[in-house]
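Below: one structure, written as structure tokens.
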Amino acid sequence: MSERDGRESGGISRFAMECAASLATGAAGAAVAVGGLQGGIGWNEAGPEPGTFPFAVGLIIVAGSLGTLVQAIRSRAGGGGAVFLDGVRLRRVAAFFGPMAAFVVLSLPLGLYAASALYLAGVMALQGGYRLRTAVPVGLGVAALLWLVFETWFQVPLLKGPVEAWLGLA
């Protein structure tokens with residue numbers, strides 16, 4: 001904490017994140033409202049026009065976003081200067097989302113099942129501290145279980161890659 005003003009220093013402030021979140025949700029709400037306007041709002045002989053509900057939902061989202069922004073400004077005026085994300089927290093978030101992003105990127109070239117096996121084995125080994133002799137069989141077993149559930153029981157084909165084709169499962 002800074003001795004000068006009693007606030008924590010370093011990193012991204014909670015105020016900045018609340019403002020960014022309220023502006024982002026407000027923009028999304030405005031986009032929904034504009035889409036509703038394009039679909040037409042109001043009533044006709046058949047009932048509400050197609051854009052009436054999306055327009056109303058968009059306005060509610062914008063109102064909630066404005067409320068969040070006002071609350072953030074009031075909180076800051078009252079002395080709230082907490083740090084939302086510092087270096088330590090950023091590393092934790094990156095350790096969580098990094099493998100997830102890699103899973104998404106690898107799903108297209110490898111297919112969901114192979115990417116799932118790699119993701120689970122990698123997270124178990126790198127973050128969970130498991131040995132590869134434990135993590136790899138678990139990753140492969142879960143991928144096989146996913147294939148069994150989706151392809152056989154639910155009969156919902158998911159994205160497959162070269163590994164599934166090589167195994168004759170594609």
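Counting begins at 1 with the first residue displayed.
Every residue gets a Cβ built from N, Cα and C, even glycine.
Because TrEMBL annotations are produced automatically, they should be read as predictions rather than curated entries.
Taken from TrEMBL, the feature transmembrane segment applies to 20-41 (among others). Sequence-distant contacts of the transmembrane segment (20-41) (same chain, six or more residues past either end, CB-CB distance under 8 Å): 49-62, 64-66, 68-69, 72.
Taken from TrEMBL, the feature domain 'DUF1468' covers 28-158. Helix first, then strand, then coil: DSSP counts for the domain 'DUF1468' (28-158) stand at 99 helix, 8 strand, 24 coil.
If one looks beyond the transmembrane segment (53-73) by at least 6 residues along the same chain, the residues whose Cβ comes under 8 Å of a Cβ in the stretch are 15, 18-19, 21-23, 25-26, 28-37, 39, 41. What TrEMBL records for 53-73 (among others) is transmembrane segment.
The list of residues near the transmembrane segment (94-120) in space but at least 6 beyond its ends in sequence, with Cβ under 8 angstroms from a Cβ of it, reads 126-127, 135, 138-140, 142-144, 146-147, 158-164. Marked as transmembrane segment by TrEMBL: 94-120 (among others).
The feature transmembrane segment is assigned by TrEMBL to 132-150 (among others). Cβ atoms under 8 Å from those of the transmembrane segment (132-150) belong to residues 112-114, 116-122, 124-125, 156-158, 164, 169 of the same chain, restricted to positions at least 6 beyond its ends.
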